[in-house]
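Colleague: Shown below is the structure under consideration.
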């Protein structure tokens, strides 16, 4: 039996609406809406999953708030993240993207998005991106009470990262893939006291 006195105190924040959320989703209305409606919701569509992988790569080294604010610009610049269209981008498209102030203008990440679109298209011969990624879903999920309890990588994210690299993806390191797994509901890292805990339907 676990003594309640020895459990860590939750750092979830209860908002004016009476709902508990992690600190990162409790102040900025944009992040709060994203947390309440998108983060941790299962993504099982190639188009949407390619977008998530692309945006997670662009987020590397930056805050998610920056990426989320620029998401409309990203979608416009990258043909709404249609893998077939992005896979066909040429050097003039790269030049166009590097001059687009509505996105993060990082040459390596721009080229990585094109490379990953090509890898996404190629993966269709092996069952497709969605089944490939979800095949790395672990048997269990973290049960964090505080944000400090949330890992930044796992054996599953390391394995997913390695497998994606083997089929041609880039900018898919273990930490980035762990963030992806959180965002698409493959694991549930909602705090135990959060109103969103268990909302994905993937985990009990």
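Please read every residue number as a count from 1 along the shown chain.
The backbone N, Cα and C atoms fix where each Cβ goes, and this holds for glycine too.
Annotations per TrEMBL:
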type    : residues : note
BINDING : 190      : Zn(2+) binding site
Colleague: With Cβ-Cβ distance below 8 Å and at least 6 positions apart along the chain, what are the contacts of residue 190 (Zn(2+) binding site)? List them in sequence order.
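Modeller: Correct list: 22, 40, 196, 197, 198, 199.
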Colleague: According to DSSP, which kind of secondary structure is residue 190 (Zn(2+) binding site) found in, if we only use helix, strand and coil?
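Modeller: Assignment for residue 190 (Zn(2+) binding site) reads coil.
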